[in-house]
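Q: Sharing a structure with you now.
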Amino acid sequence: MLTKRIIPCLDIKDGRTVKGVNFVDLRDAGDPVELAAIYAQEGADELVFLDISATEEKRKTLAELVYHVGEKVNIPFTVGGGISSVEDVDILLKNGADKVSINSSAVKRPELINELVAKFGSQCIVVAIDAKRKDNQWKVHLVGGKVPTEIDLFEWAKEVEQRGAGEILFTSMDHDGTKNGFANQALRKLSELVNIPIIASGGAGNMSHFTDTFQNGKADAALAASIFHFKEIGIKELKTELRENGIAVRL
Amino acid sequence: MKLVILDYGAGNIQSIIFAVERLGYKAVLTDNVSEILAADKVIFPGVGEASSAMTKLKSSGLDKIIPQLKQPVLGICLGMQLMCNSSEEGNTKGLGIFDIDVRRFSNSVKVPQIGWNQIEGLKTDLFLNTPNNSYIYLVHSFYASLCDETIATSDYDLKYSAALNKDNFYGVQFHPEKSSTIGSVILQNFLERIS
């Protein structure tokens, strides 16, 4: 049986992890490669690296990081953040990334999805969507959720699927950082609307939130950052609890 | 040991190279026929779309070379699918090594299947030290049905072939290079136990 996936997300700036990471057993808490290897060992199903640096050398630094992660880590990983061209994706995949995620660049130029799918295949193209509720409607936001658009989340998700994306990573800006649980109503609607996997993101605060998002939100995977980095939840104990709740996980 | 990974422009080869290196081996990525023929083991990778991959294979002439290889060959993911008779994806004629057709999952499940599933019914030395129901990582929309050549099964939408074997040819639908510890056991079996 296909299992539900647990995905820690690491924010990267200039080749280093940002946001506090509270791993006492880490020699270097800022080293994404070491952190990634630990998560893989603890039973993470995949990893996501989100690059938030804005330097000129960004592309080269990120490619080097991807190469070093690939050398060490024997589970799949996705790289996102500022990817806007076929060439960007080519460099990352060649250096060992399994998938890339695109966000604002796809909204600005939706044909990018088709171009990437034609060249690299659906299986490695994740479209990340950040959205926020406004007047009872979910509106897509750009640039890490900072810039609102008038685009409807569900219409955009449908289009993303039709253009060939392999997966959707949906972050609710209303839930992100709140630790009050995932946006399960919207997730469920998304999951029933499209026939590609949905990764839930934003709002994880405790273990029951994951059970909820798999059972009520019908998510195929769940992503979280700080609760894993600060060891508020261990991946093994989370998966053990999920299994006790009847959710198929890899243990 | 001389290990060759077939180079025909298929994406994402690097993760296979890394996985092999973690086991202490060096792989050569090449489309050079004499180098391929001289190899002890051959890995046939592949991600992406079947018909365009087949076109690339043909333009490099590898479609003629692969079925004649005498050393152990391991097809991974699309590599395995291209070793079958045909694929529904782009109505592609395959290499015909495995006597089975490749079909698309129905829309009663999410397509592609992405993530960790289990394998069982394990046969051949490829799966030495591999417990039944081990978890492996897959990303695919198309599958090979069960057949006489099935050496591992998995379940998604229906029971299908997670691995195939005929003579010196092996194929796995999953990605051993991304399937954690058990994936490297399977890769190591191919490199060390299959001859």
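Keep in mind that glycine also has a Cβ here, set from the backbone N, Cα and C atoms.
What TrEMBL lists as domain 'Glutamine amidotransferase' is B:4-192. Annotation source TrEMBL lists active site, nucleophile at B:Cys77. Positions annotated as active site by TrEMBL: B:His175, B:Glu177.
Are these features on the surface or tucked inside, and what touches them?
A: Confidence over the domain 'Glutamine amidotransferase' (B:4-192), given as mean pLDDT on the 0 to 100 scale, stands at 96.
The Cβ of B:Cys77 (active site, nucleophile) has 27 other Cβ atoms within 10 Å, all protein chains considered.
Within 10 Å of the C-beta of B:His175 (active site) we count 24 further C-beta atoms, all protein chains included.
B:Glu177 (active site) carries a helical DSSP state (H, G or I). For B:Glu177 (active site), the Cβ neighbour count at a 10 Å cut-off comes to 28, with all displayed protein chains included.
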Q: Compute the C-alpha separation of B:Cys77 (active site, nucleophile) from B:Glu177 (active site), stating it in Å without decimals.
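A: With the alpha carbons as reference points, the distance is 11 Å.
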